[in-house]
Amino acid sequence: MEGRVSPVGSSHRLLTAAVLFRGPVEPLVFLANFALVLQGPLTTQYIWHRISTELGYNGTRHRENCGNQSADPVLKEVETLTSHWTLYMNVGGFLVGLFWSTLLGAWSDRVGRRPLLVLASLGLLLQAVVSIFVVQLQLHIGFFVLGRALCALLGDFNGLLAASFASVADVSSNHSRTFRMALLEACIGVAGTLASLLGGHWLRAQGYANPFWLALAVLIVMTLYAAFCFGETVKEPKSTRLFTLRHHRSIVQLYVVPAPEKSRMHLALYSLAIFVVVTVHFGAQDILTLYELSTPLCWDSKLIGYGSAAQHLPYLTSLLGLRLLQFCLADTWVAEIGLAFNILGMVVFAFATITPLMFTGYGLLFLSLVTTPVIRAKLSKLVSESEQGALFSAVACVNSLAMLMASGIFNSLYPATLNFMKGFPFLLGAGLLFIPAILIGVLEKVNPHPEFQQFPQNS
């Protein structure tokens, strides 16, 4: 049964034959995140303005009289409904993606990384098309949820990241893997910074539609690159059925089947650590735009663009910081330093009532993203070379669950705490980050130099 060729497997053989050159995976991640970040804040602002119009709120947020709007009940209802629709989008994506991203990730261990990259690219492309229809035709904002679910059905950005990180693990040595993981995350940051700066200015100049069209064009290029230019990193791809429980079993076996070369405790606890880090990261990201739109900050689209750019700069600064700190510190200590700066940034956000203080919080996050590549690299070294896709699909599942928890906690907590402390969700995030800090330290103490699985030393 496992040897039967699926239609997707046939497509995989055609793609293999049509590859133009063996390109790296980093451009895919760059283009995907550029398109996503270009759409993300714009989608939040579009939902805000649509709800404002429906409720009769004029939607203006003049910064000189911003403080006088704090008691406006209509404004609070706009904030609450916008937060809830953001939650619905994330829940829709999670419920569909929980099954598909794990299935496709483990499947890529056998058929190669390219088929998953192509499917995930098509999903992101489809989501952009739905968003354009909503904006151009003034469709109900509930269609954003449909677009998110359709994207998750084909793997979503989490599936693309799973294949990308697995691809890096396929070709990197144990020594270089942490930096290669950070380099991939830096592509996310550079793309996010550029998209944020462009999106804010473009919205002010020409409205919502054109940025979504640019995102669509970028995603078309990305899909073509994945199909015809990406260099396959799995050494011997095999045609394998997609719809089989074997792929999900391979993920479960990572955590429950004993093996002399790996520690199930380290796998589970490092997964918990990255779960908490991602929960706080995406939870804060979910409410930051809403936090900045509302009183007392009342940012316009230009400032929101600058803020979103500053939010993505740590991907690049963390890469540089990681490279420098690795010369004098072990990876574990680098991760702990990153968590410390992340906690400081969250605390500043919680009490930020003026624009300079918000940007101070963004500045303190300059090393906040060194933690995740360290954890990913440690996880990758705990499993065999043939289990990288299963591992990173499991991590993608953890990411999806973390994003759902983030949306559920932060988007529900934010409107509930508007009356006594708007910044309370950021304080909660700062407190949660002590959990991975403790876990990483304890795991290093239990086994200071875990090298459970040695890969061939590829360049």
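Placement of Cβ uses the backbone N, Cα and C atoms for every residue, glycine included.
These figures come from a predicted structure and were not determined experimentally.
Features of the protein shown, as given by Swiss-Prot:
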type	residues	note
MOD_RES	Met1	N-acetylmethionine
TOPO_DOM	1-25	topological domain 'Cytoplasmic'
MOD_RES	Ser6	phosphoserine
TRANSMEM	26-44	transmembrane segment
TOPO_DOM	45-82	topological domain 'Extracellular'
DISULFID	Cys66-Cys298	disulfide bond
TRANSMEM	83-108	transmembrane segment
TOPO_DOM	109-112	topological domain 'Cytoplasmic'
TRANSMEM	113-135	transmembrane segment
TOPO_DOM	136-140	topological domain 'Extracellular'
TRANSMEM	141-154	transmembrane segment
TOPO_DOM	155-177	topological domain 'Cytoplasmic'
BINDING	Asp156, Glu185, His281	H(+) binding site
TRANSMEM	178-203	transmembrane segment
TOPO_DOM	204-208	topological domain 'Extracellular'
TRANSMEM	209-227	transmembrane segment
TOPO_DOM	228-266	topological domain 'Cytoplasmic'
TRANSMEM	267-289	transmembrane segment
TOPO_DOM	290-302	topological domain 'Extracellular'
TRANSMEM	303-325	transmembrane segment
TOPO_DOM	326-331	topological domain 'Cytoplasmic'
TRANSMEM	332-351	transmembrane segment
TOPO_DOM	352-355	topological domain 'Extracellular'
TRANSMEM	356-376	transmembrane segment
TOPO_DOM	377-388	topological domain 'Cytoplasmic'
TRANSMEM	389-414	transmembrane segment
TOPO_DOM	415-422	topological domain 'Extracellular'
TRANSMEM	423-441	transmembrane segment
TOPO_DOM	442-459	topological domain 'Cytoplasmic'
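Locations of recorded Swiss-Prot features on the structure.
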| residue | record | contacts (Cβ under 8 Å, 6+ apart) |
| --- | --- | --- |
| Asp156 | H(+) binding site | Gly93, Gly97, Trp100, Ser101, Ala120, Gly123, Leu124, Ser400 |
| Glu185 | H(+) binding site | Tyr315, Ser318, Leu319, Leu369, Thr372, Pro373 |
| His281 | H(+) binding site | Ala406 |
With pairs restricted to those 6 or more apart in sequence, evaluate whether the transmembrane segment (178-203) and the transmembrane segment (389-414) have 3+ C-beta pairs under 8 Å.
no
Would you kindly check 83-108, 113-135, 141-154, 332-351, 423-441 and say which stretch has the most C-beta pairs under 8 angstroms to the transmembrane segment (267-289)?
423-441
At least three Cβ pairs under 8 Å linking the transmembrane segment (423-441) and the transmembrane segment (356-376), pairs spaced 6 or more in sequence?
yes
Other than its close neighbours in sequence, what residues sit by the transmembrane segment (26-44), given a CB gap under 8 Å and a spacing of at least six beyond its ends?
82, 86, 117, 120-121, 124, 128, 131, 144, 157, 160-161, 164, 183-184, 187-188, 190-192, 194-196, 198-200, 203, 208, 211-212, 214-216, 218-219, 221-222, 225-226, 230, 289-290, 293, 304-305, 308, 312
For Cys298 (disulfide bond), just count the other CB atoms lying within 10 A of its CB, please.
19
For the topological domain 'Extracellular' (136-140), distant same-chain residues with Cβ under 8 A (at least six beyond the ends):
209
With a Cβ cut-off under 8 Å, give me the same-chain residues at least six positions beyond the ends of the transmembrane segment (332-351) that come close to it.
277, 280, 284, 288, 291, 318, 321-322, 325-326, 357-358, 360-371, 374-375, 421, 423-424, 426-427, 429-430, 433-434, 436-437, 440-441, 444
So which residues does the topological domain 'Cytoplasmic' (155-177) touch in its own chain, when a touch means Cβ under 8 Å and the partner is 6 or more beyond its ends?
25, 28-29, 32-33, 36, 93, 97, 100-101, 104-105, 108-109, 113, 116-117, 119-121, 123-124, 184, 233-235, 376-377, 380-381, 385, 388-389, 391-393, 395-396, 399-400, 451, 454-455, 457-459
Can you see whether DSSP assigns Glu185 (H(+) binding site) to helix, strand or coil?
helix
Where among 83-108, 113-135, 141-154, 209-227, 356-376 do we find the most Cβ pairs under 8 Å to the transmembrane segment (389-414)?
83-108
Which numbers of helix, strand and coil residues does DSSP report for the topological domain 'Extracellular' (136-140)?
2 helix, 0 strand, 3 coil
For Cys298 (disulfide bond), which of the three DSSP-derived states applies: helix, strand, or coil?
coil
Using a Cβ cut-off of under 8 Å, list the residues of the same chain at least 6 residues beyond the topological domain 'Extracellular' (415-422) that approach it.
76, 79-80, 83-84, 291, 294, 350
